[in-house]
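Asks: Annotations per TrEMBL:
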- 40-60: transmembrane segment (TRANSMEM)
- 66-86: transmembrane segment (TRANSMEM)
- 106-125: transmembrane segment (TRANSMEM)
- 145-167: transmembrane segment (TRANSMEM)
- 179-202: transmembrane segment (TRANSMEM)
- 208-233: transmembrane segment (TRANSMEM)
- 245-271: transmembrane segment (TRANSMEM)
- 291-322: transmembrane segment (TRANSMEM)
- 334-353: transmembrane segment (TRANSMEM)
- 365-386: transmembrane segment (TRANSMEM)
- 407-430: transmembrane segment (TRANSMEM)
- 436-460: transmembrane segment (TRANSMEM)
């Protein structure tokens with residue numbers, strides 16, 4: 001078995017220079033390849049990029065010391081990683097992108113709103129990424145922020161056009177560089193004696209409200225990857241173990257995001273008056289002159305490829321939404337057009353924003369997007385693991401008159417009710433829910449929305465005739481692989 005996996009993974013590396021032919025359509029067994037380690041590396045490098053610094057710095061800005069900030073980040077990351085990693089198992093089993101799988105829960109038309117939210121998440125991340133890439137390039141004196149942002153944004157678009165295999169290969173090698181650089185960074189600072197006793201003191205330094213705010217922010221940031229996950233596992237063989245792929249994804253996403261968040265917290269603690277990327281460069285240079293620039297370049301490469309992941313996933317979701325309204329031929333040409341539209345529009349906005357945008361509005365944007373995502377992830381996972389237990393018809397998902405219908409009141413009602421239940425617990429600069437105010441400004445919205453959405457959907461599905469669906473699925477998907485010829 002291991003020999004077969006190694007051969008299949010090398011197939012992905014050989015095909016990295018070939019433009020991917022598939023879009024939102026089913027991936028046939030003849031094209032399945034990959035290894036479990038790829039799920040760890042794409043999410044480690046996809047998470048351990050410069051944007052994650054901002055989440056790590058939140059605790060320091062709120063007055064927590066370094067050790068309690070790190071504990072809060074670890075807790076929030078752990079809680080957010082659980083649902084994110086669970087989505088990874090859907091890709092190999094169904095051979096479909098993440099958001100296409102939303103149709104059975106919400107219906108063909110009912111899911112359009114969810115897809116609009118998902119596209120906004122992807123688009124918003126591209127805007128933030130381009131803004132940060134441009135500012136970082138200017139800091140390294142590689143060029144003006146605007147020009148650099150445009151160039152790097154275009155490179156990300158090209159990476160997204162080549163698609164799945166290039167993204168995996170790129171993040172595999174980037175992970176190696178990140179592990180080496182981050183290891184030297186942390187060990188170097190520790191050996192230099194830069195950590196003070198106050199930074200690491202556990203007793204007498206805990207503050208409940210800031211700690212929970214950090215935990216909530218880390219959870220929200222990690223949860224925002226949920227829309228992405230099975231986009232990058234759908235080429236894996238269907239025999240892939242659910243537990244194994246969840247574990248590898250969790251390892252990569254959890255360790256990746258926490259490592260860069262921890263670096264962000266350290267830089268904020270060491271250099272509270274400097275911008276995060278400037279603090280990172282100063283901290284790196286304190287270990288060895290010029291090492292700060294190395295850390296920024298490696299983190300920037302991870303951000304560039306992650307930006308390609310955002311453009312790629314956003315394009316697939318955009319096509320999914322379009323296909324629900326007007327049936328399309330989801331070929332390579334359509335995928336490239338969607339990538340160009342989403343990538344260029346977000347790049348233009350990203351370079352127009354001030355370079356202080358990340359520091360001033362990042363958390364607010366992140367929180368709003370995560371509020372909209374939390375009910376969806378609950379509904380989607382409950383449907384997959386509990387209600388339908390992974391049994392879906394691929395053909396019926398794409399049929400306009402299929403068994404999953406145009407509107408599914410169960411998913412829609414669970415989403416709306418759970419979102420409404422979150423509102424009193426939300427805490428934002430422009431809105432403070434009464435429950436959040438009563439709890440001293442702590443945002444509990446995610447801890448309410450996810451369980452409420454999941455439980456309600458499960459209860460609503462008590463009346464769903466799953467057995468009748470199962471009888472139809474076998475016949476509906478007969479000869480599925482034979483019909484799934486490569487499309488260009």
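Just so it is clear, glycine is given a Cβ too, placed from its N, Cα and C backbone atoms.
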Asks: To the transmembrane segment (334-353), which of 40-60, 106-125, 208-233, 365-386, 407-430 is linked by the most Cβ pairs under 8 Å?
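Replies: The stretch with the most close Cβ contacts to the transmembrane segment (334-353) is 106-125.
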Asks: Can you work out which residues elsewhere in the same chain, 6+ from the ends of the transmembrane segment (40-60), have a Cβ less than 8 Å from its Cβ atoms?
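Replies: Residues 66, 68-69, 72-73, 125, 128-129, 132-133, 136, 167-168, 170-172, 174-175, 178-179, 182, 210-211, 213-214, 217-218, 221-222, 225, 228, 232, 248-249, 251-253, 255-257, 259-269, 272, 276-277, 280, 296, 299-300, 302-303, 305-306, 309, 358-359, 362-363, 366.
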Asks: Count, for each of 66-86, 145-167, 436-460, the Cβ pairs lying under 8 Å from the transmembrane segment (208-233), and report the range with the highest count.
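Replies: Most contacts with the transmembrane segment (208-233): 66-86.
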Asks: Need a quick answer: max count of Cβ pairs under 8 Å to the transmembrane segment (365-386), which of 145-167, 179-202, 245-271, 291-322, 407-430 is it?
Replies: 407-430
Asks: Taking the transmembrane segment (66-86) as reference, which of 145-167, 179-202, 291-322, 407-430, 436-460 has the most Cβ pairs under 8 angstroms?
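Replies: Answer is 179-202, with the largest number of Cβ pairs below 8 Å.
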Asks: Compare 179-202, 245-271, 291-322, 407-430, 436-460 by their Cβ pairs under 8 Å to the transmembrane segment (145-167) and return the stretch that comes out on top.
Replies: 291-322
Asks: Would you kindly list the residues that approach the transmembrane segment (245-271) from elsewhere in its chain, counting only those six or more residues past its ends and only Cβ-Cβ distances under 8 Å?
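Replies: Distal contacts: 36-37, 39-50, 52-57, 59-61, 65-66, 69-70, 73-74, 77-78, 81-82, 84-86, 88-89, 92, 175, 178, 182, 185-186, 189, 194, 199, 218, 221-222, 225, 229, 233, 236, 278-280, 282-283, 299.
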Asks: Determine which residues of the chain contact the transmembrane segment (179-202) at the Cβ level, with the cut-off under 8 Å and only residues 6 or more beyond its ends counted.
Replies: 44, 48, 65-68, 259-260, 262-263, 266, 269-270, 283-284, 286-288, 291, 294-295, 298-299
